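Right, one structure below, let's go through it.
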Amino acid sequence: MGKNLGLVRAYYTVALACTGSFLFAYDTGIIGGVLTLKSFQNSFRYTEKQKSTINSNSNSLLQAGGECTQTLIVPTSTDDHKAFFACFFVWPFTAKYGRRWSIALASLIFCIGAIIQVIPTHSVAAFYVARVISGIGVGMATVIIPMYTSEMAPKSIRGRLGSFFQGFFVLGVFFSYWIDYAVEKHIPETSDSQWQIPIGLQLVPGGILGLGMLFVKESVRWLAKKGRHDEAMKSLVWIRGEETEEVRAEMAEILDGIEAENLATEGVTWKEILRVPGNLHRMCIAVTIQIGVQITGNTSLAYYAPQIFQAVGAGDNSLFISGFFGVAKVISCWFFLLFLVERIGRRWSLIIGAFLMGSLMLIVGILAKLFPPDPDATSISSAGIASILMVYFEAMCYNMSWGPVPWLYMSEIFPTRIREVGIAVGTATQWLFNFVFSQATPHALDSMGWGMFLMFCIFNWILVVYAWLFIKETTGKSLEEMEEVFNSRVGLYHKERPLDEQVQNKQHIKPGGYIEQLEQFVQGKSDDGTTNGSMYNEWAQHFLKAGDR
């Protein structure tokens, strides 16, 4: 009974937290349709020539607000100018006050921005300010939620629960598309309600997220890191359902891991943390994997689905077709996270997904080149239908690979001591490139046409090589075991899989292992006795060993 109760609480806690992902998706998805509504254009009094600029600015200012929240005030020496990466709010707030209250604050900030957006100010500038405020709230949530869910989920279902972030994201996109379609069809364009209703509905998930944080527990690992061990144990017992030997052993493992991490990094500067074997690798992965999410092209599809479907021949049916686009994303994503995420593994999901997405983008580009849409046509051509289906299939592949996996992967690879920093760096990268692609997409669509799809094809095939060379398999590993995964010079996906067996048998885990590595670094030696400079050969060796992986 206790174990089942624990599973119910784990699913409930993660689902509630991932309302923030739903909010993120709904906000980004709704704006593309709202900007096509005549009522919005009439209310804010801009011309057709200004439409493309309003489109890109309304989306990119949300990302600008999100970028401002990725605060990484970290320990540095006086020579490092006191900060490595500085924006506002997230890292110091969540480090001091915890995950729950940080998520609640993010919800409050977002709701303030949403209220300002829905007021008919007739001022584009005021709408822009509101988008920035909402972006700050969303940006905070996207940093904290993956961190919170990874720290609360049992390792046996962490992959599934971690993928809820993307699962709720596609649900948000789904609802945004259909609400846009409904208000266009059933509310006259002379009424401001046509655009106010879809924007105002953002307050519903925003309120659920903020109030819901009152009914869940604080992160076990954050409490343990703060020395509040009794509270950490109570939180762990609550999320697991009952106090058992297994739960007590898990608590002991968490405390041992945090103690070793604290000893290993006592008085260590930011520069030295990055030079410890494994940490630089993880930080680079967090950055590059989030760049990969953006260059798949699916952010562009999510923001500008109606405009893109018009470009491939959907005509006036673009909002209706966008609605079914959302259906395809929901079905594929939830099928993946419920049945496949723990079976296929993180690495192969990324490799296969990128290859299929690139192939489908190539087909769409070829069809758009050979059979350009006729603006005077009264129905969708066969080539247009084929292109739309390829975009549907591409989105399904994304939502079974590069949609859910990067958020999950980034949230589980970092040790507790730098998890806030690592996730914030990765999320800041996501927002930065989200900003870039939201700005560039409408202009690229106008100037490149079918060439834009070929560009995304090439990007996706590059990601196949990237995932093959640099992504290590983490499926089935506890957060404490990630030290062994990323400190090993032998990839976890090597044919002989020696490290995998060691981690499973707990034979290679030594409390002082990480401290010894730091001591070797300080002494100018790596773990094989060579000088420090040889550590940086590790990335080059990935290429030489790729054939064995």
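Including glycine, each Cβ sits where the backbone N, Cα and C put it.
Lifted from TrEMBL, the feature list:
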DOMAIN    13-475  domain 'Major facilitator superfamily (MFS) profile'
TRANSMEM  12-37  transmembrane segment
TRANSMEM  101-119  transmembrane segment
TRANSMEM  125-149  transmembrane segment
TRANSMEM  161-179  transmembrane segment
TRANSMEM  199-216  transmembrane segment
TRANSMEM  283-306  transmembrane segment
TRANSMEM  318-341  transmembrane segment
TRANSMEM  348-368  transmembrane segment
TRANSMEM  380-400  transmembrane segment
TRANSMEM  421-438  transmembrane segment
TRANSMEM  450-471  transmembrane segment
Most Cβ pairs under 8 Å with the transmembrane segment (450-471), selected from 12-37, 101-119, 348-368, 380-400: 348-368
In contact by Cβ distance (the transmembrane segment (380-400), the transmembrane segment (348-368); 3 or more pairs under 8 Å): yes
Stretch contact, the transmembrane segment (421-438) with the transmembrane segment (101-119), Cβ-Cβ under 8 Å, 3+ pairs: no
Long-range neighbours of the transmembrane segment (161-179), counting only residues six or more past its ends (CB under 8 A): 10-11, 14-15, 18-19, 21-30, 33, 145-146, 149-150, 153, 197-198, 201, 205, 302, 305, 319, 322-323, 325-327, 329-330, 333-334, 336-337, 341, 399, 403-405, 407-408, 411-412
Overall pLDDT for the domain 'Major facilitator superfamily (MFS) profile' (13-475), taken as the rounded mean: 79
